[in-house]
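First the structure, in the form of structure tokens, and then the observations on it.
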Amino acid sequence: MLCGVEILCSVVAVVARVLGRALMTICSPKFSTAGLIGSPTTAWGGGGAKKKVHMESEKQQLPPPPSPPALVLPAFKRNCTDQEQRAPATSTKAARGRPPRLVIPAAAPVAVARGGVDPFGGRETDVATETEVKGEGFCLASRRGVRHAMEDGYGVITRHKIEGGSQLAFYGVYDGHGGRAAVDFVADKLGKNVVTAAAAATTMSRHQAAGSSSPSQQRREEEDDVTAAIRAAYLTTDSEFLSQGVRGGACAATALVKDGELYVSNVGDCRAVLGSRGGVATALTSDHTPGREDERLRIESTGGYVSCGGSGVWRVQDSLAVSRAFGDAGVKQWVTCEPETARVSLAADGDCRFLVLASDGLWCKVSNQEAVDAVAAAAAAAAGVAGSTDPCKELAAMARSRGSRDDITVMVVDLQPFLPV
């Protein structure tokens, strides 16, 4: 009997020691519930977003642990490569006390209009991706780039009658940057302003010159007045856009045809190239870039500076890669909207066949002569220069296959209907 009691006491003592150790372990602050009780686990996804994965216990759940400190990312000064950020400015102005660098933030995504029927009877498969238009005497193809929403645009006005029986036709290709606000405004306003100003200048010039000068002198004065009217229309459009206080900008290449005269104007790096019957390409515009010597001197003479980063791209105030454009209020002191205009007499040069207007998404990969050759070849297989959109589509495809990542817009204008009979 005594022996049985001793054994029972020993068992109770052992159990007590085990329970005591267990209680000490549970009460210790070093004890971890991981793997024992289903507490929330936080996994960090890309961009600093938190994703909660729950493993719930059927019986009990401890409160979640304290949230980790917020992840703070450094602010980016401008949208360029690390190599370009490190590259020193090579301009002569850069070495001397230049103004502080201007920061132009990247544009937020902009909703793009849905596809539909083009007013010229063309087909718009998806405005955000591609546009194809076959209109009266012209064709167009546009392809969105891979970096952002489509920022190219175009405008066409045909059969605009003015006093004296003359008719005007206007064609334009536009390349926006910093969002769609500027390119949409320019596409809507510039053509109307150019046609209105040119018509008014023609009428006034004819009234003033009536009976006071020879026909040849009168014609020269009228041509000068039309050129001045185009300039005024560009500057007026720019002023109207700036008055809205909206950010962004746009480049342009436009053509006005009147009485057998072709007036081609541009700001920025949109380009116009003339194709002859003999297949010769002639550039009628010169790209406005900070790397152009006369543009650099103009900018520096007004207190600005230009620089070239590691990517080889020249920029105004370390920000903008074109030296003339609509909009761009932050650098307007140096980035003017003063157009350069070239005039070609279609009557005197009956060799003119077509005109190629395009954004720099084409010209960065396709040469002037290649563009003319492609249009001529496609026109030979189709019903004339503007008989289909094939010439424009082939040029856009050529630029894309060679690595162009920008928006590409190509317009081909048939000049033969404007030649004198």
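Glycine is treated like the rest: Cβ placed from N, Cα and C.
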Report the candidate from ASP224, ASP225, ASP351, ASP360 that shares the Mn(2+) 2 site with ASP175, ASP406, as recorded in Swiss-Prot. ASP360
When the binding-site residues ASP175, ASP360, ASP406 are compared by other Cβ atoms within 10 Å, fewest goes to ASP406
What is the interatomic distance between the Cα atoms of ASP406 (Mn(2+) 2 binding site) and ASP175 (Mn(2+) 1 binding site), given in whole Å? 10
ASP406 (Mn(2+) 2 binding site) in three-state DSSP notation: coil
Residues flanking the Mn(2+) 2 site, with Cβ no more than 8 Å from the Cβ centroid of ASP175, ASP360, ASP406 and excluding those residues themselves: ASP152, CYS251, ASP269, CYS270, SER359, GLY361, LEU362, TRP363, CYS364, ASP407, ILE408
Per-region confidence, the domain 'PPM-type phosphatase' (137-415) (mean pLDDT, whole number): 93
Measure the Cβ-based neighbour count of GLY176 (Mn(2+) 1 binding site), defined as the other Cβ atoms within 10 Å of its Cβ. 30
